[in-house]
Amino acid sequence: MLQLLPCPCQQPWGMLLGFLGQEREPRDGQEEIFGYKTQRCRKALCITGYILSCGALLLLFYWKPEWDVWANCIPCSLEEADIVLLRTTDEFQRYTWKKVTWIDLSALALPDGSTSECPLVADKDSVINRAVKKPQLKVRCIQVQKIRYIWDFSIKQFKKVGSLEDSNTCYSIHHKFGAGLTREEQKIRQLVCGPNAIEVEIRPIWKLLFKEILNPFYVFQAFTLTLWLSQGYTEYSVAIIVLSIISVGLTVYDLRQQSTKLHDLVEEHNKVQVTVCVKSEGCKELESRYLVPGDVFLLDGKKLSLPCDAILIDGSCVVNEGMLTGESIPVTKTPLPLTESPMPWKTHSMEDYRRHVLFCGTEVIQVKLTGRGPVRAVVLQTGFNTAKGDLVRSILYPKPMNFQLYRDAFKFIIGLSAIGVLGLIYTVCVFTYHQPVAEVVAMALLLLTVAVPPAIPAALTTGTVYAQRRLKKKKIFCITPQRINICGQINLVCFDKTGTLTEDGLDLWGVLPSEGSWFQKIHKFPSSTPLPWGPVCGVMASCHSLVVLDKKIQGDPLDLKMFEGTHWEIEESNMSQDGAGALHTCIVRPGPKASSAPVEGIAILHQFPFSSGLQRMSVVSQKIGEEQYDLYMKGAPEIVSSLCRQETVPADFLKELKMYTSQGFRVIALAHKVLSLGKDVDVSDLEREKAESELVFLGLLVMENRLKQETKPVLQELAAARIRSVMVTGDNLQTAVTVARSAEMIPRSSKVIIIEASEPEGSAPASIAWQLAEDSKASTEGHCCPGAGTLPLPWINLDGESCSYHFAMNGKSYQVLIKHFYSLLPKILVNATVFARMSPGQKSSLVEELQKLNVCLCVGGGNASPVSSFCGFQALKMAHAGISLSEQEASVASPFTSQIPNIQCVPELISREGRAALVSSFAVVKYLTLYGLIQFVGTALLFWQLQIFGNHQYLIQDVVITLLVCLTMSLTEAYPKLAPYRPPGQLISPPLLLSVVLNVYFTVTMQTCGFLLVKQQPWYVALDPHLQLLLWGQPSLGHTVAPCSPLTVLSYEDTTLWPLTTINCIIVAFVFSKGKPFRKPIYTNYVFSVLLALHLAICLFLLFADIDAVYSGMQVNECSPDIMELAHGTGAGFGPPPLMLCHLTPQDVLLQNKHLWTLIKSCFGYQSKSQYRKWQRMLQRDPNWPPVNTKDFAAKCMAEVYVNPSYEQGD
């Protein structure tokens, strides 16, 4: 839920907590809210500033909205504010401001007493009653990210509106809203809550265009191009303008297409016709946009796409939640129990409250009536407060990714700008006494803009576009291309098990029946003899949630396999009569291939659906023609056995369970109970806790889940690349550990330490036990020396350290760790490999905790998995790179979608594209930095002589060389083998900075030597100072014409520096395009290689051609002796080989020598600041870690107890 809480440090502040939809993980975290009041005098001064600055101040306020508020308003309390300023509490500290508006209710025909102290709506606990200002009948509100908040006068806070209060109990929901709302209350709620519509605006092209071109860098680019055009540098300016127009146009087109697709996706569901119950007026047809929280609507059996979130209060139904979870598996929803429990309805239902909730966007495919009348539901949430609305909001307002490359690129631009400012000062000092003020300003600004290449954003975008295109060819689709670079830094991957590491479906392997507290002979599948009739056959035939849709049985794959093993058949739902009236039932009957049974069939009367929290499901059934009611249950063996009478549980239960789970089988326990019910009982009123007790244990259902063929090689490849793999599953712990060993996620030579944590019991505090797994003992005893044979690939921890032990735990233990042993959690996560029986909220919490260790995290999962809520939305969205295995081209649930149905996409994304794209981006930024500095140094040297490069000279460097280099440098494909280390993640790092600094040093040295050496030549003639003044009278940049002879001439300095700078640009492009270990060799990039060769050939041709027309067009000096003598004298002609040697030697020998840098780090005592590495170093020094076969207790002091809020809200 969303709520506003007062900040304790300042009165006008508050906190906005974003618990999205049904207590899903907060996307935006928290936002601080400040109150401000507009002042007319400040507003007038700002308007004056806008006019005097020609809009520059307005543009600044657009970039900095907080400055806009601070300039126009004064701080005040939230109660008095007409403007609120919101600031996120994450690392970005983003500001937005919203205007406080009023909703006027006085125009409505309100009931008598509404202006007095009487509540405006019937629900006394509703925030609407506390938000209405009387007697004016007005409500203050703000709208933040499509969610409306109204001011609660009683607690002085903004509260979210558009949903029912969580404080409602099961009884109050039935009692307050069961009969529907009055017409007057509907109108009040419609006005206050807004329409029940998920409206996505198709943003006008002009808005998208303005938003794009008002980006700070485009503004600076516009300033630069304006200056160049004013100085006559037309060709390159036009080229950059065309490139920018294409880039902006494509971006706007893409944004427009996305906006249109999203609008079309949600618009059709905004106008659904529903039957609404109005209090004292009966039922009527209504368009869904007029629904409000508290309305009651009917489900008549027709297929319906739900227009809101609703609580089922009568009847049950089957829905398809594929839109939310990614799997089109029918889910059964049951009505909210009518109980007088004082607990809020969600608390009463614990984490299984979702079984009563119909989520917006899901499709009702079947309804099942009860004896109380039609199927009815109470509207819980409307509009963007719903599950579907939350999903759409996550697309409209994505969480920004804090990636070092883009921050460092911006810092590089700032650094280049600072150098440009120094150049500006230098230019002013040089030209002040020689040129008019206008020329001095023009030349100073020119040198400023030369230092900052305008192609940096386009070049970075080009690399990711190429990588995205290559991924698409490999059937990996990306909706956020910026994350491709982030994939290059991935060092940990979380995998789901079923459907991701193992095959999608489960195969029925056998059933181990139990009788008289002893296990009987196992019945294996497939078998020539059918499963004999008995309670085991009964539970397998009836304890499921399968439905018949379009004459086809559909449902959970596990249920389907189990039911097929009985050879029974299922009929479509029928209407039957019980003591309370009409009832929908599902009937199963023995098929032709089934064993003979003394019953005609079984009628499934009621379901207690499966939930990840309870880890079980059960059904109430009745044999046709008999009066006896039976309850059948299946679920996790540990849970089911605890609900059975202990005398019916075999003594060797744990031994048998461990035997099968240790072999990697999926084990389900079965149980049965005869219910003692009267003839006229309504089975839908049964309490689950009472019904699911004192059962008879029936046996174990053993299912096989094979590893996918590709799993083992991929995990080995990741381990060789020092990328850690972690399994997070909803399956049994022992099964998960076995699968991890089979896949060599845990090598056979490594120990597995099982962590079992328990909640406090009575006076005993919470405890944590560290037990060495039995298979670890065996593997330790049988461990052979290195020479005895081939050992499995050693497990590699992050940054290359071997790990000889691994932690494994289940979701219950993880929950206890979070609550009572939080200080131990980082130590455990450093070496934890298996997490089993994890609920969706726990999985999201785990992702968050791993990110706190500064781990770059990838989450991979398949939509066919039974725990698809993990692989669907929360964890995939939270991770740095979430990969969904889906047949769809793109999933809104994750940044990446792979149509490859296995984990081969992970190394493909991480190595073959992520790392290559990151290295390419670094290379482009470094090249453009050097290119800018090369031009800057050459131009600055010529400025000393009051000279400048010609237009055509600039054009060749900027367009023919640099622009083409930027467009083709990133075409180099990824190296096929994963390197055992990651590429650098920071531009602002010693090796990369030293690379730039050394290359700048060579550039300055080379150009300075050429500049000075040419002056020492016997044929050198200095340009007449008087003639230079005439030259600078020309307004065109670079067109300095001097009648030294009939031909155009500049100077020997220009003729010397231009080939040096041009060849230098070409060599730097070659040096920064190195291939291995992250990209293929440069010669495999045919376009780029040919271009570089052509560039060098053209440059040498221009230098040695000795053609008058060429020199005239290029504005180089031909009034010299033989041009070869000039080249020999300055080193320009024979410069490429030694220049390349000077650039390549430090690049290969020093900067890319990983062993050398490791030695330097150790000599200087440098240690990584990563939290993961800090904990790793600490644990390596701890002789008592890891603890084995011990038990620890939590401190009794409350100060030591930590409760993770994200975990509490995650479920």
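Quick reminder: no glycine exception, Cβ is built from N, Cα and C everywhere.
Whatever TrEMBL says is automated annotation, not expert-curated.
Features of the protein shown, as given by TrEMBL:
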type	residues	note
DOMAIN	31-152	domain 'P5B-type ATPase N-terminal'
TRANSMEM	44-63	transmembrane segment
DOMAIN	176-223	domain 'Cation-transporting P-type ATPase N-terminal'
TRANSMEM	236-255	transmembrane segment
DOMAIN	271-395	domain 'P-type ATPase A'
TRANSMEM	409-434	transmembrane segment
TRANSMEM	440-467	transmembrane segment
TRANSMEM	928-948	transmembrane segment
TRANSMEM	954-971	transmembrane segment
TRANSMEM	992-1014	transmembrane segment
TRANSMEM	1056-1073	transmembrane segment
TRANSMEM	1085-1105	transmembrane segment
Per-residue pLDDT averaged over the domain 'P-type ATPase A' (271-395), given as an integer
82
The transmembrane segment (928-948): which same-chain residues, six or more beyond its ends, come within Cβ distance under 8 Å?
412, 416, 419-420, 423, 426-427, 430-431, 434-435, 443, 446-447, 450-453, 455-456, 459, 954, 957, 962, 966, 996, 999-1000, 1003-1004, 1007-1008, 1011, 1023, 1025, 1028, 1031-1032, 1037-1038, 1040, 1050-1051, 1053-1054, 1057-1058, 1060-1061, 1064-1065, 1068, 1072
Under DSSP, the domain 'Cation-transporting P-type ATPase N-terminal' (176-223) has how many residues in helix, strand and coil?
30 helix, 1 strand, 17 coil
With contact taken as 3 or more Cβ pairs under 8 angstroms (pairs 6 or more apart in sequence), are the transmembrane segment (954-971) and the transmembrane segment (236-255) in contact?
yes
Using DSSP, break the domain 'P-type ATPase A' (271-395) down into helix, strand and coil residues and give each count.
30 helix, 51 strand, 44 coil
Listed stretch, out of 409-434, 440-467, 1085-1105, that has the most CB pairs under 8 angstroms to the transmembrane segment (236-255)
440-467
Distal contacts, the transmembrane segment (409-434) - CB-CB under 8 A, six or more residues away:
217, 440, 443-453, 456, 460, 925, 929, 932-933, 936, 940, 943-944, 946, 987-988, 1028-1029, 1032
